[in-house]
Amino acid sequence: MATFKDACYYYKRINKLNHVVLKLGVNDTWRPSPPTKYKGWCLDCCQHTDLTYCQGCTMYHDCQWCSQYGRCFLDSEPHLLRMRTFKNEVTKNDLMNLIDMYNTLFPINQKIVDKFINSTRQHKCRNECMTQWYNHLLMPITLQSLSIELDGDVYYVFGYYDSMSDINQTPFSFANLIDIYDKLLLDNINFNRMSFLPVALQQEYALRYFSKSRFISEKRKCVSDLHFSANVIENLHNPSFKIQITRNCIELSSDWNGACKLVEDVSAYFDMLKTSHIEFYSISTRCRVFTQHKLKMASKHIKPNYVTSNHRTSATEVHNCKWCSINNSYAVWNDFRVKKIYDNIFNFLRALVKSNANVGHCSSQEKIYEHIEDVLDVCDDEKWKTAVTEIFNCLEPVELDAVKYVLFNHEVNWDVINLLVQSVGKVPQILTLNDIVIIMKSIIYEWFDIRYMRNTPMTTFTVDKLRQLCTGVKTVDYDSGISDVE
């Protein structure tokens, strides 16, 4: 049983504030939810279980029970998950406010302990102070958190997470902020709480406290396409697809790291909750994570033999050729932008090969083929540049004054001609490695200019940022027929 979940279940009965704040989906009647996919910790109830995607950010961090409330750590409504979420620079005062909130919602004193013991002793087998009956009293106050970095903003979701060594397939990693606060001071707070417990429970409380307060922070993870809803990934190849998300909001915005102080004034907190509502946003999929997913999918279907062929059609329109025909039934080719990039890259590469190598047919086996498979994924800059360099070397460049050149005197299509003029100012007769890098990047940047893209989608924006973008109608970046250059 998850300690935090149990604590919320029992403590929500002690007063009106707790009844509202500690209400978790996992402790209520179960409702159907999307199929679970990843193992990890639910940010809402802190239990380790199978996770489903969040309706607010499309990442996997909700269990199938908590998903019914649709709470996200990026909401503006001050529910418990939001009040436990801190952002960027966390100060000692911020952590003091968090500890005060814990003491307000999960107090341990003689009156509370006696109340729980009396309500638990309903049967002979419950007379002993066994941990399974008093799990809710064994939640220490720690500064344990799950952290994530989203385009320069670091979020810390504090809570009590059991079984830290269990499998974690989410983009969140454990962080310990006790050094920002004070170890001895936090020890004293927990020892005071522990002193009210029966002796039989004190040792278990101490073990839990020290195991969750003295660990070393993990290395922060990189967010990838695997961490987002499968439904979003499946629809990425539709250029007009928009991600639909919902956020729990209030009319007033407060200091992000100061949200945990709201429980100090109960009447003001309830007045604030009266303005709570759900806002709906339609979000573009444009970001580096999703762009790289598209380019990687296209890379799996590359037919490198086209660069030595004599086909008069573009690379994606070749039919009935054993070595050059691609399977257009794959979803990745539904995005005309990917097809444009593929056609122009291979038209340019074929012109390079035909200008510098004596190869007459696509059935020939050439060393250059093994390096062409990585020419689309420009998001992996180091790997991409290595591939382009190897292709350049396969063309047997001529060195003049310490600079290597290759010929460029084969015909190319009008799209490539226009891009040549835009990138190098003319249609050249000779090219250096740097020229080729610039031209190939220009072909890809025409449709997916990753230089000006966020790493993660705008679904990971806070509500305030989403509202600002919606005012300027910028949550949807561009119509599907207009390129990044245009």
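All positions are counted from 1 along the displayed chain.
The backbone N, Cα and C atoms fix where each Cβ goes, glycine too.
Taken from Swiss-Prot, the feature region 'RNA-binding' covers 1-81. As a whole-number mean, the pLDDT of the region 'RNA-binding' (1-81) in this prediction is 90.
Here Swiss-Prot flags 42-79 as region 'Zinc-binding domain'. Here the region 'Zinc-binding domain' (42-79) is broken down by DSSP into helix, strand and coil counts: 4 helix, 11 strand, 23 coil.
Residues or ranges marked as region 'Important for cytoskeleton localization' in Swiss-Prot: 82-176.
Sequence annotations record features per position, and here Swiss-Prot assigns motif 'IKBKB-like degron (ILD) motif' to 479-483.
Per Swiss-Prot, motif 'pLxIS motif' is recorded for 480-483, and the stated evidence type is sequence analysis.
Residues 2-5, 8, 21, 24-28, 30-31, 33-36, 85, 146, 155, 157, 159-163, 166, 169-172, 223, 227-232, 243, 245-250, 253-254, 259, 262, 269, 272-273, 276, 278, 457, 459-464 of the same chain sit 6 or more residues outside the region 'Zinc-binding domain' (42-79) yet have a Cβ under 8 Å from a Cβ within it.
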